Amino acid sequence: MKETEVEDMDTNRKDGKIKKKEKIVNMKNEEVKSTTKSTLADSDEDYSIITLCTKCLSKKLEDNKNRIILDSKAFKDNRLKGRCSVSSNEDPLDNKLNLSPYFDRSQIIQEIILMNNDELSDVYEIDRYKLGKGSYGNVVKAVSKRTGQQRAIKIIEKKKIHNIERLKREILIMKQMDHPNIIKLYEVYEDNEKLYLVLELCDGGELFDKIVKYGSFSEYEAYKIMKQIFSALYYCHSKNIMHRDLKPENILYVDNTEDSPIQIIDWGFASKCMNNHNLKSVVGTPYYIAPEILRGKYDKRCDIWSSGVIMYILLCGYPPFNGKNNDEILKKVEKGEFVFDSNYWARVSDDAKDLICQCLNYNYKERIDVEQVLKHRWFKKFKSNNLIINKTLNKTLIEKFKEFHKLCKIKKLAVTCIAYQLNEKDIGKLKKTFEAFDHNGDGVLTISEIFQCLKVNDNEFDRELYFLLKQLDTDGNGLIDYTEFLAACLDHSIFQQDVICRNAFNVFDLDGDGVITKDELFKILSFSAVQVSFSKEIIENLIKEVDSNNDGFIDYDEFYKMMTGVKE
């Protein structure tokens, strides 16, 4: 067995309770054979090959000596570029196509994450106090010099990167995420020596620390945690993304309040795998790893196993598969046998035990999936404790939807960019409202889910409400993402802040010359268009909506007046 210490952790147990963090070992199989059942090793070498879905192997990404991430082919090909097909000799604005009423605002968010040419030191004041330490570098706290918002920055030393492909995949996966319980990646910076990932700040500590502090949780407290974990998994699995290293150390509390939400972090082992496809690389952490991973053939239900282990620990304070060392732990995982044999389990309901058993089903093909988990009777009995949408909130939200519907397309995009950058304090109760609307827990809203909560059984009113909700669905797929929902519900006082507006303006001003041109607007809007692009006439009309001095551009003063509602 080859051990690779990924984080500064050690092992020490007393009376069956976890007392300190265990040493993490990564798994690798050189040639993935059925005989390598308990082999742990460093998964950095050739990671791009062994971690890809066995039916979805793709070409390796290209490297660059200095800007290995942001200038690599995979990221250049993924920048804003418009979806219509235009030859290099043509003016893209002369390529007239029918206008679609839909454009995907969430797609813009995914792209602006990697569109940063500033120096990190020009944008952030770095606090040298370390929030965490990993094999590649440190995580520190930082404050935006422009907005005052606090962030966490993961500083990665390039010389310590053994597998560039894994890091690229981590970033590409993270920038697709838009869920209340998945940590946000805001920006990526890079210089010759380091890579900087600007992340949502979560300073409430690890779930692991809470387990050490309290020992075990009541069923209701465990329910609140597991509901958030499974909702995040539902969202990921629907995108054919698996985390593969779920554990209490990778679950953070946003703050120190009693009802602080949690965020799932560390997507370094995450991978894509299509339905009915299997992966074969062996990665994970001994206590939480699924037995089928050790056998070298598994799918996204490996995350369900890990979640079942977490739920088990929450309810009793110790792991279902324990041992003096990693070898002993893995042998027990391979057998998949566990019991509810202590006094702790006497007070735990049969429903909770049944759900754990279904999550820890040894045969992963028969294991419960995340949709079935959230329909389990254990979850249903706590559902009545969720936020109840009252009539006052109904009226407020509907008014917000009306206001949002009246906004021009540019402002809708700008508001969406602003919504993505907000922290928990700015979002307020909207997060709980989103979760209350999300009946099936998949991390996105359907028009039907919102309509059922807000309708008043008045035909005329309900028709108007349904129409407004259709407008929130900007890409026409019937789903409303978390950031799209926040953007439609935000208090407009947020837009009065100059620094907030300036940041939104910079998203559109691609070359930083102080004005938004037709070409820049075309690049942004055509990228977010669904199936078709925008004609030259449409782009010109959008500019005219904001261009008060008719010079053909949108300067910052015009943009600010649009955002704040100030009229000439």
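Indices start at 1 and increase along the chain as displayed.
Glycine residues also receive a Cβ, built from the backbone N, Cα and C atoms like all the rest.
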Exercise. Check Swiss-Prot for me: it has D547, N549, D551 binding Ca(2+) 4, so pick out which one of E540, E558 it puts in that same site.
Key: E558
Quiz item: Pick from 49-58, 339-348, 409-418: which range does Swiss-Prot record as motif 'J domain EF-hand interaction motif'?
Solution: 409-418
Quiz item: Of 184-219, 400-435, 436-471, 472-507, which span is tagged region 'J domain' by Swiss-Prot?
Solution: 400-435
Quiz item: In the same chain, which residue numbers or ranges, 6 or more beyond the ends of the motif 'J domain autoinhibitory motif' (400-408), come under 8 angstroms Cβ to Cβ?
Solution: 415, 465, 468-469, 471-472, 487-490, 492, 542, 545-546, 562
Practice problem: Check the Cα-Cα distances from D509 (Ca(2+) 3 binding site) to the recorded positions D245, N477, E484, E558 and tell me which is shortest. | Solution: E558
Quiz item: Rounded to an integer, what is the Cα-Cα distance in Å between D245 (active site, proton acceptor) and E484 (Ca(2+) 2 binding site)?
Solution: 29
Exercise. Report, in whole Å, the straight Cα-to-Cα distance of E558 (Ca(2+) 4 binding site) from D513 (Ca(2+) 3 binding site).
Key: 15
Self-check item: Rounded Cα-Cα span from E520 (Ca(2+) 3 binding site) to D547 (Ca(2+) 4 binding site), Å
Solution: 15
Self-check item: Long-range Cβ environment of E558 (Ca(2+) 4 binding site), under 8 Å and at least 6 residues apart
Solution: V546, D547, S548, N549
